[in-house]
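What follows is one structure encoded as structure tokens, with my remarks underneath.
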Amino acid sequence: MPKRTDLKTILIIGAGPIVIGQACEFDYSGAQACKALRDEGYRVVLVNSNPATIMTDPNMADAVYIEPINWQTVEKIIAKEKPDALLPTMGGQTALNCALDLADHGVLEKYNVELIGAKREAIRMAEDRELFRVAMGEIGLDCPRAEVAHTLEEALDIQTRVGYPTIIRPSFTLGGSGGGIAYNREELIDIVGRGLELSPTTEVLVEESVLGWKEFEMEVVRDTADNCIIVCAIENLDPMGVHTGDSITVAPAQTLTDKEYQRLRDASIAVLRKIGVDTGGSNVQFGISPTTGRVVVIEMNPRVSRSSALASKATGFPIAKVAAKLAVGYTLDELKNEITGGLTPASFEPSIDYVVTKIPRFAFEKFPQADARLTTQMKSVGEVMAMGRTFQESLQKALRGLETGKIGLDPTGLDLGSEDDMAALKRELKAPGPERLFYVGDAFRAGMSVADVYALSFIDPWFLDQIEELISLEQQLADDGMAALDAPRLRLLKRAGFSDARLAELIGTNEEAVRTLRRALKVRPVYKRVDSCAAEFATSTAYLYSTYEDECEALPSNRDKIMILGGGPNRIGQGIEFDYCCVHAALALRDDGFETIMVNCNPETVSTDYDTSDRLYFEPLTLEDVLEIVELEQPKGVIVQYGGQTPLKLARALEANGVPVIGTSPDSIDLAEDRERFQQLVDKLGLKQPPNRIARNADEALVLAREIGYPLVVRPSYVLGGRAMEIVYGESDLARYVRDAVKVSNDSPVLLDRFLDNAVEVDVDIIADKDGNVLIGGVMEHIEEAGVHSGDSSCSLPPYSLSAETQAELRRQVVMLAEGLNVVGLMNTQFAVQVNDAGDDIVYLLEVNPRASRTVPFVSKATGMPLAKIAARCMAGKTLAEQGATKEIVPDYYSVKEAIFPFAKFQGVDPILGPEMRSTGEVMGVGRSFGAAFARAQEAGGIKAPPLGKAFVSVRDPDKQRVLPVAQALVERGFTLVATRGTGAWLQQHGLSCEIVNKVAEGRPHIVDSIKNGEIVYIVNTTEGRAAISDSFSIRREALQHRVTYSTTVAGAKALVHSLEFRGTGPVWSLQELHKELEA
């Protein structure tokens, strides 16, 4: 039936900050839903706390609220905006849980708001493990044997019936949070305890093991008329036991017989009917026993998910857009498939004539203490997808798109002749880790058979055969050498997905030599279109992937084109903020009449949506792949400064190959990154940097360190997200760092900087045009002291404590730097402001990045200035004056950005903040005062306000003076103080009464016992030096485990304590209302 006319306003809840298990795929689905519903004439209200999303742009919905996603705040928005319906299926687990809370607290009933897209009962039945199991039994589908436990005793009792290994899955959590696999009683007690604490309903499912079974997912869409289509069948290369978000997955499914496929198809449709999902997309996961063929249903998600984003990109069928329209009453046969230009209806099941492989990207290098074994709890931070005509081609393209330094199935570096290394290899095959695929390659190099590898890994023999064949192709080529490379052989190897770089490695030459030979032999890729119908109908949509065949379907135009290189897979330090900038560049330049070409390989993002740009190449971001596209399309300009470090690393090589890089020149980018050249510029401009030196070997480092004095910040040059950066407090620390970390630098030296203690860090984003005019986008004052990575620090716009004179000085310096570097486009600068003995502010320049930075979306939302769009137009040749963007906007309200961390996912990782970036996402809070804005941001970040009770204070000596006002404020608020001996004596001397408690090393009962007993409600704990950090580690870890609010910097504690009075108060404002104030 046609769309409903009784609904006028629809509220969409977004997914909040990016966390492990819930990344930018929900920005993609939410943005699509907003577009789809507004196209149908509905008024759309959106709430999402994450400013780095496209969906929170003011033009995406009629009212956009960047507010905390909890039922109390959403109730205020409902009261104000009076929506008729709430669509909760676009914002992942966060939105579903919030919708259930609103229903349970009677808010939906009170304001007469209807849930569309998924009914309350359907969400309940799908999410509640016990209800789901019963429902499956009623329709004759098998689930793994399991029972629900609400206490540890119940869990131990159930275990006796299901046996070890036991799988534990908490209800209503995201990405398998708190779950795991227990092989013995001790592990069971640990995992169940954690699971019960993380589950909002305090229940866990204790389930029989189906480890080693094959895992499949079906993406299903169903409408009110009971039309059902399977958009895509996805097969996990990794067997059951690895969370599907951490598995390598392949579409379409490769190893199902036709009969098995029909069985899964019928079963998944039966599941949707039983659960009652009648308008939209769901994903159903199955396990199949490789020995008996028994099929079990693992779970279903009654919403758009990570897998549906993958299925949408893999097939070209926009699941979220279709699901949004079904939610307002359309049926599938009434909707047109856009990718075929409307030639087919949406009820036409997609069929694909290529293979898609997704490989997850991990960040264990950021969390050395974490357990890198993959289990049922998701640990990856991003993913990459590749398409090819065969599984081998798409697998190898995906491997080089991961950007982990691999260029194919690279050897792991094990000595395959040694017994110890072979034993290690077998362990790696058995216990899955992030590198398992490379160990599979090594197993075949060592002469193991497919049967041997299967017995250890349970990866289906079909996949193992494919990988074995790739290894034998490698070995033959290495034996034959370059002379044997004629056109037929090279074409065969390229069809199997080998990169030029990997071929060069195998025959002992360089990538350029292989490229020259390949071009001479006329072995070039062609581009095929993704059309959702296996080329049955012509498609007008230019959504392309490369392969080595005969017919090219690219058909490039001769319009003026600009190509934007995306950021590749999400990782810590390079996330959705960079994708946001790429999307803005594409939208702005398209409006200006350019044909826009996007190159990217991340399936979760808005940039890889086929209608964000005019042409989309879904390709790895390597020099080889980019050069081939440039050659075919001949763009007027290529933008490399928007995708983070990924495209920047290619800038020099692209320029050397004659590619027109627009914006800031690769030479200026290099000048800003090269320490010695940059030092000269700073001296010439008369600016100050912290005293620094460059050391090229270990001994030199120790000598130079004495010249500067400790503490020092040490790091390798050319890194993003502060990789391998550390603060060292003495010689033994530095010696250890130089011994362990210099391996990081590729023939590049280590940088030593004097660490500025107790300085305030400031970020400034600016745009410069080709005439050298500069627009200041925003000045942000960090809340945590210098020394915490800027991506991990909270910040405030406008600054909340810096004097007007200091701010003017910062602006003056930034303008000089932009001119000195000849910046065209965006530039981000970081300063530290330190008070000298005379009480004056001294400004030190920390670093300059002549590219888009991760603060661009936040600044754009806070000031209403679309910085990435303005800068893209500057790069394409427009001036700031022509765009009417010449004056800085300083709002009279405060916006605070707060970072979100994944520490709860990684047992054993210390949650202390430092110079290495470890946050995965961000939230934003707005208020009339700094305290109010900070309180909103804390609430949005899920950081709970400590209830009255005992506050524990333990700080390093230099912080004792500064912690006094914080301690006083706590006492005035009604908290009682608890402190360790040193800090306690200091507080008592200054007239504050406090209870003294033992440090862990001083014997029991000590502070950690108090935390475990629930006696402590808030913790302020600062430390310096490695020894003190590791002594106090258990305090921070237990705080995290027992959900006690804690601060690891004095400035953070001060802001938190002063913001307590604002918690939960104040009205809600939409961005549209805030930005209107700025125009006045």
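Here the Cβ of each residue, glycine as well, is placed from N, Cα and C on the backbone.
In the three-state DSSP reading, Q285 (ATP 1 binding site) counts as strand. Look at Swiss-Prot and you will find R129, R169, G175, G176, E208, V210, E215, G241, V242, H243, Q285, E299 tagged as ATP 1 binding site, backed by sequence analysis.
Summarising the annotation, Swiss-Prot assigns Mg(2+) 1 binding site to Q285, E299 and lists sequence analysis as the type of evidence. When Cβ atoms from all protein chains are considered, those within 10 Å of Q285 (ATP 1 binding site) total 20, not counting its own.
Annotation for N301 (Mn(2+) 2 binding site): same-chain Cβ neighbours under 8 Å, separated by at least 6 residues, are A126, S282, N283, S307. Look at Swiss-Prot and you will find E299, N301 tagged as Mn(2+) 2 binding site.
The Mg(2+) 2 binding site annotation in Swiss-Prot covers E299, N301. In the three-state DSSP assignment, the secondary structure recorded for N301 (Mn(2+) 2 binding site) is strand.
Long-range Cβ contacts of Q830 (Mg(2+) 3 binding site) within its own chain (separation 6+, distance under 8 Å): E761, V762, D763, V764, S790, L845, L846, E847, V848. Swiss-Prot lists Q830, E847 with the feature Mg(2+) 3 binding site, giving sequence analysis as the kind of evidence.
If you look up Swiss-Prot, you'll see E847, N849 marked as Mg(2+) 4 binding site, on the strength of sequence analysis. Sequence-distant contacts of N849 (Mg(2+) 4 binding site), defined by Cβ-Cβ distance under 8 angstroms and a gap of at least six in the same chain, are A672, M827, N828, T829.
The feature domain 'ATP-grasp 1' is assigned by Swiss-Prot to 133-328, with sequence analysis given as support.
Sorting the domain 'MGS-like' (943-1080) by DSSP state (H, G, I as helix; E, B as strand; all else coil) yields 71 helix, 23 strand, 44 coil. The annotation domain 'MGS-like' is assigned in Swiss-Prot to 943-1080.
Sequence annotations record features per position, and here Swiss-Prot assigns region 'Carboxyphosphate synthetic domain' to 1-403.
The region 'Oligomerization domain' annotation in Swiss-Prot covers 404-554 and rests on sequence analysis.
If you look up Swiss-Prot, you'll see 555-942 marked as region 'Carbamoyl phosphate synthetic domain'.
Residues or ranges marked as region 'Allosteric domain' in Swiss-Prot: 943-1080.
With respect to Cβ neighbours within 10 Å, the binding-site residues E299, E847 differ, and E847 shows the lowest count. Calculated from their C-alpha atoms, the gap between Q285 (ATP 1 binding site) and E299 (Mg(2+) 1 binding site) amounts to 5 Å.
With a 10 A radius on its CB, E208 (ATP 1 binding site) counts 18 other CB atoms from all the protein chains. Around the Cβ of V242 (ATP 1 binding site), 25 further Cβ atoms fall within 10 Å across all displayed protein chains. In this structure, E208 (ATP 1 binding site) is part of a beta strand by DSSP. Between the CA atoms of E215 (ATP 1 binding site) and E299 (Mg(2+) 1 binding site) there is a gap of 11 Å, rounded to the nearest whole number. Here the C-alpha separation of R129 (ATP 1 binding site) and E299 (Mg(2+) 1 binding site) works out to 8 Å.
Comparing E299 (Mg(2+) 1 binding site) with V242 (ATP 1 binding site), their Cα atoms are 14 Å apart once rounded. For the recorded site, V242 (ATP 1 binding site), the DSSP three-state label reads coil. Note on E215 (ATP 1 binding site): other Cβ atoms within 10 Å of its Cβ, all shown chains, come to 22.
Under DSSP, E215 (ATP 1 binding site) is assigned to a strand (E or B) in the three-state scheme.
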